[in-house]
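Chemist: This is the structure I have questions about; it appears just below.
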Amino acid sequence: MSQFAVAEQVVKEGFITLNVPHEQCVDLCTHMSLSTANKQIKTIEVKELKSVTISGLENGNYQANFFQKNSEIKKTAITFTVKHHAMRFALTLFILGGILFSTLTIPLYKLHKKTNKHDYTSN
Amino acid sequence: MITHLISFELTLAILIGFSVLWVCWGWYLGRKAKSQDDFALAGRNVGFALATATAMATWVTSNTTLVAPQLTYQFGVWGMLGYSMAALGLLLFAPLAQRIKTILPHGVTSGDFIYMRFGRFAWSVFLIISLCYALGWLVSLGMAGGILLSTLSPISYHTGMTVIITVCVLYTLLGGLRAVIATDFVQTLIIICGVCYIAYSALGQISLEQVHANVEQQQPQLLNLLFPAALMFFFNNVIFGIGEIFHSNVWWSRALAFKKGVGKKSFILAAMLWFPIPIVTGFIALSSNSLGIFPASPDMIGPLVAGELLGGAGAVLIFIIIFSALASSMDSLLAATSDLLSNDIYKKLLMKNASTQQILTVNKLMIVLLGLFTWLMSLPQITTLGALLNFTGAFVASTIWPILYGLYGNKLSNKGAGLAMMLGTIVGLIFYFQVGFYTAALASCFVSFVICQYFIRLRAIHFQWLQLKE
Amino acid sequence: MFVSELFLSTIVYTALCVSSVTPLVLLFLFFKDVMKKSLW
């Protein structure tokens, strides 16, 4: 069994699109198994797909093994790391978004009320 | 992978059937349009029912039917709810629609207002932003057409994209805004009935209990309320939606086309009715794991899950829904952007004394050129739909404050508005590339806000509203 | 902090109920405008 480290990348959103390395399997890669250092997460069928997208992953180092089901002679591994954005940074942007939204809606409501009573254009 | 759920012959029959229907209807409705007001603004007298439906249909784009599931697949519950919050854009535009109709009773485009209220510098920046956004959205619609057809049928991405763009160009060309609004009404009914049927059928086959248990085990982040990227995405999408609607001529042309007194209430009702649609279209993406579906590209997840759950009939339904959604947005965008090009660039820059007939001819030429440009740009499938759309977020979010302060206040200057839009866009693009597509609009809006505040508080002018009277 | 099944069901079913009546609302408004001859 030979292994190829195709790519190593850091994912910050918990989702990733992996290119299926059909040329490195015998004929076509039919399946992909996803595992972390200590446990196998799932095995999925990829058939003739050129790429496959997985999502909702937690922090950790992952390995995706591509292989042909009945022929484990050749196996190709893609490794990647999921490291989500820092919570402090995410919450800062979330709160900033909330403040911006309130800063927009409250004055808009007040200005609309004001202009309804007293139209600028008639001045 | 679910491939070729619809046969080549059936795909062709649906495509030809709907294309002929839309094009003939466009021709029928547009045959009496002689002036630019008739063609570009449907005679400025659209009633409440059609106004509400067109506001909804334009906002239920292929993005709602393809990107809502994509974002649910990527960001989970936050993605689904965040997408729904784009309804706030429609809701907040309601008072603006009333204001626009009051201060610009004879206006044609959003560019008209920026030019008159601020001047040439802000207008130039605004036009660049507006065109980048319109072209980005058009390309995303062209791409969506190609993705849809290549996912569900044997028709290739390029053929699908070409057919959809050609049909939309044809009926917009023949009917103008009147055709766009009328087809929007029928398309809204088709889309909503279709997505509800798919959702009910999906729930009949796979229980939410089962979906929840599976996602909790294998994609836990999708249910996590403290999922960092999704937290950033939430308000980013709200701001993006507001920016899209506030600045775009698609919405301004509607505000101007609606009968007096109709704009505000139709936008409020459209927002309330639109709000649940992304949840109805998005939640099925959560069941992909239980069904063993892992898409090649995340924007294909919606059609794939629906196809798997409902088989060939479901695929046909999905195809009709998304084809209608695509058409309802692409025609609006083609009409509104061609107005912007003919009215703002041709009339203001090239032919100041152009007659109404000349502008109408240029308007039609622009529709064809826009269609051609969209086709060319959609040829290479450069990125996913969600990422492409959010790229334009960096541009549009910077226009929110200048438009708000421009419409309601008299202190923001030409330089302030222009700089706020320019620097907001630049910072938004930096965030897009350095942090992620889900932060571009937020950063852009924040910078634009700070610059507007600086100019209003420290470099204020006193704009005379009489100058806007035409 | 994870979303419960109850929360997920509530938002999905509420959204579905509202969307189901939307076509009826639009058709009602349409015929009302037709009767009042204020469609365009």
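Cβ coordinates come from backbone N, Cα and C, glycine included.
Heads up, here are the entries from TrEMBL:
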- B:6-29: transmembrane segment (TRANSMEM)
- B:80-100: transmembrane segment (TRANSMEM)
- B:121-149: transmembrane segment (TRANSMEM)
- B:155-174: transmembrane segment (TRANSMEM)
- B:186-206: transmembrane segment (TRANSMEM)
- B:226-246: transmembrane segment (TRANSMEM)
- B:267-289: transmembrane segment (TRANSMEM)
- B:309-337: transmembrane segment (TRANSMEM)
- B:358-376: transmembrane segment (TRANSMEM)
- B:382-404: transmembrane segment (TRANSMEM)
- B:416-433: transmembrane segment (TRANSMEM)
- B:439-456: transmembrane segment (TRANSMEM)
Chemist: May I ask which of the stretches B:155-174, B:226-246, B:267-289, B:309-337 has the most CB pairs under 8 A with the transmembrane segment (B:358-376)?
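Modeler: Most contacts with the transmembrane segment (B:358-376): B:155-174.
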Chemist: What stretch in B:6-29, B:80-100, B:121-149, B:186-206, B:226-246 has the biggest tally of Cβ pairs under 8 Å against the transmembrane segment (B:416-433)?
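Modeler: When the Cβ pairs under 8 Å are tallied, B:121-149 comes out ahead.
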Chemist: Which range wins on Cβ pairs under 8 Å with the transmembrane segment (B:226-246): B:80-100, B:121-149, B:267-289, B:382-404, B:439-456?
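Modeler: Counting Cβ pairs under 8 Å, the winner is B:80-100.
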Chemist: May I ask for the residues of the chain that lie six or more residues beyond the transmembrane segment (B:439-456) and have a Cβ under 8 Å from a Cβ within it?
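Modeler: Sequence-remote neighbours of the transmembrane segment (B:439-456) are 232, 235-237, 239-240, 243, 390-391, 393-402, 405, 409, 411-413, 415-417, 419-421, 423-425, 427-432.
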Chemist: Most CB pairs under 8 Å with the transmembrane segment (B:309-337): which of B:80-100, B:155-174, B:267-289, B:382-404?
Modeler: B:155-174
Chemist: Can the transmembrane segment (B:80-100) be said to touch the transmembrane segment (B:267-289) if we require at least 3 CB pairs below 8 Å and skip pairs under 6 apart in sequence?
Modeler: yes
